[in-house]
Structure formats: C-alpha cells, structure tokens
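Participant: Starting off with a structure, shown below.
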Amino acid sequence: MSAECSSYLNADKVLVSGFSCPRAGGDVRAVYCCGFQDVKYCCDDTHSFFPYEHSYMWWLSVGALVGLSIAAVVLFAFIITVCVLCYLFISTKPRSKLDTGLSLQMAGKASC
C-alpha cells in the first residue's frame, strides 16, 4: 500500500515536488500522506497531528481562551442578574392576602 503526496508550496513559497509514501530510507509503516497545504510528510496514522508548530496556532489558542473567558463572564453575570431579580420579585410581594370580594361558603349548606 502506498500514497502519493502532491506537490505544494511550503511556508517560504518554494515549490516542493510530490513524492510517494513510504519514502526511500524512511519508515516502511509510514504509508499515508499527512500534513497541511504548506508541508506534507509520510505518516503511519491518518489521524495523526502535525508535529510542526505554527505561530498562528498559538494565537488561535489564545483567542479561543479569551473568547471562552468572555462568554463565561457574560453567562455568570446573566445568572446573577436572574437570581437577584427573582429574589427582589419574591421579597417585595405583599404578605397579606387581598380581599377579593367573594364570600366562600361550604358546599351543601343552603342559605336563605
């Protein structure tokens, strides 16, 4: 079994010609073509992650953490606001029952 990695432009915009996996002198188990558009390599697992760190990946991680932190603060503020409003609603209700103007009578008794 073998795979073909097509040619690509690397990060320095240099054309890298295509190659077959496994490469001569490389690991014979590396039969899959892995990587991204700017770098490709032979690997033994189709789900393996790219081992080379890009600076944009770090900034994406920081951006995701900042976004999640802001979302958590907004959710926390919303929950606190709802709790305070519920408490104010319950605590400001009148304690005495209002007279509705209807007199209640027991069933079965007739009044004349």
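Numbering starts at 1 and runs along the chain as it is shown here.
Just so you know, glycine gets a Cβ as well, placed from its N, Cα and C.
As annotated by TrEMBL, domain 'Shisa N-terminal' applies to 4-48. What TrEMBL records for 57-90 is transmembrane segment.
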Participant: Tell me, roughly as an integer, the mean pLDDT over the domain 'Shisa N-terminal' (4-48).
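Facilitator: Average per-residue pLDDT within the domain 'Shisa N-terminal' (4-48): 85.
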Participant: When DSSP states are grouped into helix, strand and coil, how many residues of the domain 'Shisa N-terminal' (4-48) land in each?
Facilitator: 0 helix, 19 strand, 26 coil
